[in-house]
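Read through the structure below, which is laid out as structure tokens, and then see the notes.
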Number of protein chains: 2
Amino acid sequence: MAQKPSIPKGTRDFNPEQVAKRNYIFSTVRSAFETFGFQPIETPSFENSNTLMGKYGDEGDRLIFKILNSGDYLSKANEKAYSEKDSNTLTSSISEKALRYDLTVPFARYVVQHQNDIEFPFKRYQVQPVWRADRPQKGRFREFYQCDADVVGSDSLWQEVEFIQLYDTVFSALKLDGVTIKINNRKILSGIAEVIGASDKLIDFTVALDKLDKIGEEKVKQEMLGKGIPQSGIDKLAPLFSISGNFESQIDSLKAILSISEEGKKGIEELEFINNAISVLGLKTAKLQLDVTLARGLNYYTGAIFEVAAPEGVKMGSIGGGGRYDDLTGIFGMPNMSGVGISFGLDRIYLVLEELNLFPETVSKNVEVLFINFGNKEALFSLKAIKQLREQGIHAELYPDAAKMKKQMTHANRREIPFVVLVGDQEINSSTYTLKNMKTGVQEKVALDALISSIKRSPEGQFRT
Amino acid sequence: MAQKPSIPKGTRDFNPEQVAKRNYIFSTVRSAFETFGFQPIETPSFENSNTLMGKYGDEGDRLIFKILNSGDYLSKANEKAYSEKDSNTLTSSISEKALRYDLTVPFARYVVQHQNDIEFPFKRYQVQPVWRADRPQKGRFREFYQCDADVVGSDSLWQEVEFIQLYDTVFSALKLDGVTIKINNRKILSGIAEVIGASDKLIDFTVALDKLDKIGEEKVKQEMLGKGIPQSGIDKLAPLFSISGNFESQIDSLKAILSISEEGKKGIEELEFINNAISVLGLKTAKLQLDVTLARGLNYYTGAIFEVAAPEGVKMGSIGGGGRYDDLTGIFGMPNMSGVGISFGLDRIYLVLEELNLFPETVSKNVEVLFINFGNKEALFSLKAIKQLREQGIHAELYPDAAKMKKQMTHANRREIPFVVLVGDQEINSSTYTLKNMKTGVQEKVALDALISSIKRSPEGQFRT
């Protein structure tokens, strides 16, 4: 019995149109990365398990895909775990490799491993898939791409400025106008925690605060209370919940709240530096917004925190995020390497461009012209012309079989090929080609030069490289 | 204790230069695929195990990387295999997914699964990594890319003709002149086996014959004897071993040998058709050669067999291969789908281009200009200019910190950045920029327009997109 074919849940096949649209986003992002001076690296799809395990918390460890050792893997199985059927403990003895979970830990590993060959500060970008054994749901997959740019080896705030410009450049190039680049600073959050007497509960505090948009002020306060943050402290948060206005007035409110926190004041200073620079430099289509509730649920940011929201009216989670982390490589034995980076959410950007109909019509590199096959003599004559067309960069092909003309024309129509060429005895004898525009139905008999220039001049020809 | 970081054996990190060189090959191949009318698809990195297992023989099954089920995977373990510690039998009960082993089986699965959305004949290309638990050695990796183009749904020989043109187009575009495209036909091999009375030993016969280049005529004959092919049959092979000369005279020899085999004669007819078409159409830099010993050790080719050898003088195995297989999708319940395809060996092509020094100098998309950072005022002034440069496609960056000038200049030198720009008070006051050519040492003070055009006009600027 033949199997009914399927793919694992949470994974996807991409058809030619989808590949072309994804590549359009990738190449826009890559091109911007490169004009900003970032250079590409690639790391293996799987790493040694000990490189990944323990770096993403318990939940992360569970979601990492482990690769079974080859050969008689049970011969090295942990005997105690085996006799107790303890899956969790057994794993490390029968699996030494695991699929990449994100691009940041492999990058840290790369930097440490190749530190002698790297000229710091090192600006790298990386566009590769990652894998997570998450429960699949709308917009969440088990295999998906990350697009990251990071700088390691400098704590200059100019990089935060440039990352904001980079977001603006990419989204403007994608014609996705009006995204909001939200910014916050871990030091602001630390300062607030200090002020409300919850310095030892910074994570609980930020995790709760991060939910403000989703669950509202009251529930956030309840969660904080539940985590042991005192009511007196929460009361001091009142001005925080009502902060509004533009960047500058928000900064003024924060200055009032954080006047007694050195760390908080440092965070304010950093935000002001960045905002002042961006004000002078200007953004093309994005806007920069201070969002003191932004924490991104991540514990490793130490300075700036970024998140990008789709234009108003588009319901979609964040389409990008990132921040500053002061000790990227310490876990691999290389301390004091400050890093800062941002990431683009390919799948969500794709959905937003689709929803707003922003993919260029010419993104799919379809065939431009199909030569109808009337038999071997005609096919050979056609292939001579096709060779010339291809040398001019025109995407051209011959229908492989001398099938009925109707079948071949239907094929051209279904594939939305804009031109067909008909070659019969008459054309061969006069070295001409009958070119038919499939949209208008207009046919003309032309020489090879005119054939090439007609196709090149047509609107359908503009995607040629 | 910090871990000493490393990567699994048989895998590789790629630094920016290597990524750029690999992308140069990829984009050359992709661009040719597209002008020939092939369209890209992508499939998931892992497939359901039952999609892959049993498709590549026992050896293949062993070399497939299996992914351990998530969670308490032992709860569903095959009890008998578990109690007997039988790794091999246990696997399917604790692992449901496996990493892609090649691109052909996933393509067959894709075609069957999406058959209602595909317009046949379907010309697809696919450039993705595959994984094999092979013993790593020079030029053999556990993670490597395959670049495949296939047509499914037509048995027209024009496709074989076009694949030869496609090989010629790609290798010519890579400036890798003088490759040999070897061609054979399974029907020729079947015909010869028939003639020597070894029809039931076709696989043994072709596997032995395939080794002619490596082990020589005598050892090939010994292997055939060992496999039970009669001496009388092997004696009839004498003309085969001495076949030489050009395509046409080889065909003549084959006609003599195969006159009593219908299948052999069909094979000859196909070879002649292809050779005649290529003679008329011409090849740019490759040559087409009939090689009756070519079998590629693969059992599934049913018609044409291709293999590409690097130019003479370069010691390297085949840099490409492919062929016709009459039943690509039968295994997934969709019979009678003829397919034909070719593959490019990225890693070997890379080594050949490196050896022959054929990578263009501009392939690495390095930063073109570094602005020296003398402090925040100067940095902000510089970023205004950098923004304009980037909008012109120039790869520009600011040194992030106001470090000592010597350190910044050394950084530019080490990264081989061709230009630096120096901005001090004088420049800010006069809205000019001091541009230094790092190769010649020449410095000039210029306005922004001249800065842009100087960099654009320079030879280092030609890689700009």
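Just so you know, glycine gets a Cβ as well, placed from its N, Cα and C.
Given the structure is predicted, the values throughout are model-derived calculations rather than measurements.
Taken verbatim from TrEMBL:
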type: DOMAIN; residues: A:1-400; note: domain 'Aminoacyl-transfer RNA synthetases class-II family profile'
type: BINDING; residues: A:Asp102, A:Leu103, A:Thr104, A:Arg132, A:Gln146, A:Asp150, A:Arg296, A:Tyr300, A:Tyr301; note: L-histidine binding site
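A sphere of 10 angstroms centred on the C-beta of A:Thr104 (L-histidine binding site) encloses 22 other C-beta atoms. Mean pLDDT across the domain 'Aminoacyl-transfer RNA synthetases class-II family profile' (A:1-400) comes to 93 in this model. Annotation for A:Asp102 (L-histidine binding site): same-chain Cβ neighbours under 8 Å, separated by at least 6 residues, are A:Tyr56, A:Val130, A:Gln146.
DSSP assigns A:Thr104 (L-histidine binding site) to a helix.
Whole-number maximum of the Cα to Cα distances across the L-histidine-binding residues A:Asp102, A:Leu103, A:Thr104, A:Arg132, A:Gln146, A:Asp150, A:Arg296, A:Tyr300, A:Tyr301: 22 angstrom. Within its own chain, A:Tyr301 (L-histidine binding site) has A:Arg186, A:Gly323, A:Arg324, A:Tyr325 as residues 6 or more apart in sequence whose C-beta sits under 8 angstroms from its own. Around A:Arg296 (L-histidine binding site), the same-chain residues at least 6 positions away in sequence with a Cβ under 8 Å from its Cβ are A:Asp210, A:Ile305, A:Glu307, A:Gly321, A:Gly323. Neighbour density for A:Gln146 (L-histidine binding site): within 10 A of its CB lie 17 other CB atoms from the protein chains shown.
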